[in-house]
Amino acid sequence: MSKLKVVGEKSLTNSSRVVGLLAQLEKINTDSTESDTARYVTSKILHLAQSQEKTRREMTTKGSTGMEVLLSTLENTKDLQTVLNILSILIELVSSGGGRRASFLVAKGGSQILLQLLMNASKDSPPHEEVMVQTHSILAKIGPKDKKFGVKARVNGALTVTLNLVKQHFQNYRLVLPCLQLLRVYSTNSVNSVSLGKNGVVELMFKIIGPFSKKNSGLMKVALDTLAALLKSKTNARRAVDRGYVQVLLTIYVDWHRHDNRHRNMLIRKGILQSLKSVTNIKLGRKAFIDANGMKILYNTSQECLAVRTLDPLVNTSSLIMRKCFPKNRLPLPTIKSSFHFQLPIIPVTGPVAQLYSLPPEVDDVVDESDDNDDIDLEVENELENEDDLDQSFKNDDIETDINKLRPQQVPGRTIEELKMYEHLFPELVDDFQDYELISKEPKPFVFEGKARGPIVVPTAGEEVPGNSGSVKKGVVMKERASPKGEEAKEDPKGHDRTLPQQLGGQSRVAPSAHSFNNDLVKALDRITLQNVPSQVASGLNAGMRKDFGLPLTVLSCTKACPHVAKCGSTLFEGRTVHLGKLCCTGVETEDDEDTESHSSTEQAPSVEASDGPTLHDPDLYIEIVKNTKSVPEYSEVAYPDYFGHIPPPFKEPILERPYGVQRTKIAQDIERLIHQNDIIDRVVYDLDNPTYTTPEEGDTLKFNSKFESGNLRKVIQIRKSEYDLILNSDINSNHYHQWFYFEVSGMRPGVAYRFNIINCEKSNSQFNYGMQPLMYSVQEALNARPWWIRMGTDICYYKNHFSRSSVAAGGQKGKSYYTITFTVNFPHKDDVCYFAYHYPYTYSTLQMHLQKLESAHNPQQIYFRKDVLCETLSGNICPLVTITAMPESNYYEHICQFRTRPYIFLSARVHPGETNASWVMKGTLEYLMSNSPTAQSLRESYIFKIVPMLNPDGVINGNHRCSLSGEDLNRQWQSPNPELHPTIYHAKGLLQYLAAVKRLPLVYCDYHGHSRKKNVFMYGCSIKETVWHTHDNSASCDIVEDMGYRTLPKILSHIAPAFCMSSCSFVVEKSKESTARVVVWREIGVQRSYTMESTLCGCDQGRYKGLQIGTRELEEMGAKFCVGLLRLKRLTSSLEYNLPSNLLDFENDLIESSCKVTSPTTYVLDEDEPRFLEEVDYSAESNDELDVELAENTGDYEPSAQEEALSDSEVSRTHLI
């Protein structure tokens, strides 16, 4: 205790001493004659400031007057020693404690007083060196904390004082060093920088810097930093170029690089590079850099630095300079418009499509004439630091602030008479079911009867695809109609050598007789064309695979027993339908025990609640449906993945860890194209714009194809022996949206690392930088009973490239560049046929096949299922409308009344063709709704589902990414859809308007989407209160009364769906989204629970699937979980107590509880939710990235208050039902 008391007394004494000395100094200020006393007092304060942190803290604490006293004394005293003492005190104060104390000194007026002191001291002849050194030192420290420092210094005339000191005392390094530090601070003001340049500061800097020297390295470092800041001025940069200083900088850099063997002067070498980076911001600087052989110099020096990790800043800066100076290249295309043309029935008056049609034919829309004339923005080096602020500013500006616009109000649309055209699509509202064979003829309580099922009729290839299926009557499925028989097949002239498939990562043992057969089989399967139909080998092949392969097929016997096949060996495929699990019985031995164990031991992915219906894939049926699908290119081929089908792989696929240095390695290889031009092949191997082009037949060249449904690949150029540049096609009637890809590759060799570069991407960022991989499908693997898409590729990165993007394609902005997705693949099989896709493909024909299979297999006594035609698309394809609910228990009034009064759920998907994950989620929803599970039956009895599973069939068919054939984003047309240009949106909105007109407003509307920039699954909804809250108008948000029911469904899903993340949800209404389905259905139709459900293209960073890439299993599970969430929502929102048999209630609760046990708490996810890599990800070479439109949808990652997290009062009263 005594020791603590002594310490306390000592601290109190020291504190009191400083306060006393400051009080004494304040009194002395009024008497200018007591200079000796002021000198003594300031020396005592200096001693305390140098020795005790507590003293320094006492003088800079809020409320302390110590700083004012010191500054007042400094301003008024004439005594030199007192001035030096106070300057030393100020240096002690600002040299510790971080920037807070410097800001404190600025807030007390220190900048102005010190600048005035500098001016007064400069009038002495000669100026006192110590005063100048200390004053410049303090100003260099506090200047960056004063936003108006540059203006103050210029107005006071301090610029000339500091510059003259450097000129006059060139050899006095002690004085020159703080002067250079202050010049660097002056130069942050562009006007000051130009003024200093006119007075010879650039020439002065080049006198100070020089070749390698062990002396005065500190001065060299500061001089280079100052020079780099000065050269950010275009005027100064031009002056440096005119005097040949670019060559000087390169020479100095090479000299320091050669002599700095121990890398002790890395900061000096980086300072030289920073000066080069500044001077190459202008076109003249870049030209001078190229002329001085700068590309080769920096390339060679950076390659020599790769072995030393501490030199990474030099490598990264060198890479940035080289990318910036790399000559802008023209994308090797005749036009940026799509290779395919579709004539619209009417041309819009305004908008991008109108501009596209009005563009004169002589205008080059690929690149601007003066694309490289504009100098680069001076703030480019702050691009990464400012990106988040720019995004946040954009989002805040995009938030709707007009309360009147936010309030839902039904807009007068079509009249009742006009809406009557949709009556035939709602027969469930008027049907009395007198002609149906229902389960019961008497009203009685519902009793679930397990798996009672009706007849299942699987359509075959001989059936015609029905265009409009009515309701099922008398418990019998719709009658079949024969389709025209196919034409005779023609021999495929493009046979390629194929070897037997090998298992990924392992070898397969092949029977001698099987080898030649399977080799011929894959060789013959070079193309599946719609003209090939059964003819010559009908006795040996399954109907789904009966093609004229152009060669005889040898009858084989299976060398291994297959327990899952009843009869095997006499033919290639058994049975009427192709079952992919039986493809091992082609004469190929099944995998050996070790290989089998390696697959089976792989950790299994969590299972989805499976429907008990039959498989939905039927190759035979798929071919017949494709024949009726209308595409603009008139596709005649079928991709193998769509034909064979896809099943989720039985193993998990983790998010890929990014190797260190992969981006700079790829960029260095791109730069080598300019340095070593003789190594570049530059040969076109695939060209959609040249109909007469034939694929080269060289054995070492890959062959490409995308002429099938949903395919997108426009041109391929072979760069090196195993490197290819790929160019994607624009959306039809558009000149951009290059993101979705789906193409075929063949002719590969195992053991070769093939690099693929997709070089005309447009988005400024991608999940490919954060662990996402493209998808690959191997035909050899499918024949080996592994028919699945898998994540494939290494060394994946996404970065800005040197291909120029024209202002026509960039919305009027000049100087934009494209981005590259690059990935490397090692193929395991020789001469395989492989497919690559941006995400799991799901074609329009696949949807039609799935719907037909669901219709054929459902139990008509239990499930009410209708597949109607909503409308025809621009190209004449039908847009299906599906109605699903439970059949009434009987045709008695009570049951019919209950049937008709069920609330509606309206679902839609795939308005954006490239978001294929939306279709997989919809598939999960449809399969669940059609299943025989108890909760599915309960769900059907609770709601009537109206579903438009594909809002943009034409876009999906033709391989578009975002638009329909009208060249417009259909999800921006909901406010005023044109019936001729946007028929699917026009009629989907008409359905909703009809429901509103007949007072049957849907309880929930949800549009399924995919998100390319974020992880997990999440929802966007609409809320007035949360939108106003994000405008920071708290008073206005407090006055708004709003039902919080819109949060209920997302919160339910966050508990039961492992991929769903509540913290990523947003309920803010943005101006840029006012014409989307979510906002229009909420605002105009009046549906409170109007959502967009976004599914990641990449994977999850929370919950059960944390660290895993998402697959079709997880997407379909999300669709099923969405249905379970709707059932729980029913119990929370029902006006009457909703009781179920206890066994059903327990069943659902068990399902929910099991999901909750394995779901970790969600994390708050920001727009850029990824941690930084050890290697800084640099997406661009020079200019600020354009703000991605999609980022606007991220607005409002909202952290709700406790009250808003709770359910509404009406919901809380019913929580006992859960």
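From the backbone N, Cα and C atoms, a Cβ is placed for every residue, glycine too.
A quick note: this is a predicted structure, and the numbers were derived from the prediction, not measured.
Of all Cβ atoms in the shown protein chains, 28 besides its own fall within 10 Å of the Cβ of Glu1094 (active site, proton donor/acceptor). Positions annotated as active site, proton donor/acceptor by Swiss-Prot, on the basis of sequence analysis: Glu1094.
When Cβ atoms from all protein chains are considered, those within 10 Å of His1009 (Zn(2+) binding site) total 27, not counting its own. The secondary structure of His1009 (Zn(2+) binding site), as reduced to three states from DSSP, is extended strand. Summarising the annotation, Swiss-Prot assigns Zn(2+) binding site to His912, Glu915, His1009.
Residues or ranges marked as compositional bias 'Basic and acidic residues' in Swiss-Prot: 477-499.
Per Swiss-Prot, the feature domain 'Peptidase M14' maps to 840-1130.
The feature phosphoserine is assigned by Swiss-Prot to Ser1160, with similarity to another entry given as support.
Per Swiss-Prot, the feature region 'Disordered' maps to 476-512 (among others).
Per Swiss-Prot, the feature region 'Disordered' maps to 590-617 (among others).
Among the features that Swiss-Prot reports, region 'Disordered' is placed at 1193-1218 (among others).
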Here the Cα-Cα span from His1009 (Zn(2+) binding site) to Glu1094 (active site, proton donor/acceptor), rounded to a whole number of angstrom, reaches 5
Just name the winner among His912, Glu915 (the binding-site residues) by count of other CB atoms within 10 A of its CB. Glu915
Residue pair His912 (Zn(2+) binding site), Glu1094 (active site, proton donor/acceptor) - Cα distance, angstrom, rounded: 12
Report the residues of the chain - excluding His912, Glu915, His1009 - with C-beta within 8 Å of the mean position of the site's C-beta atoms, for the recorded Zn(2+) site, in sequence order. Arg910, Val911, Gly914, Asn917, Ala918, Asn971, Tyr1008, Gly1010, His1011, Glu1094
What is the pLDDT of the domain 'Peptidase M14' (840-1130) when averaged and given as a whole number? 94
Spatial separation of Glu1094 (active site, proton donor/acceptor) from Glu915 (Zn(2+) binding site) - C-alpha basis, Å: 10
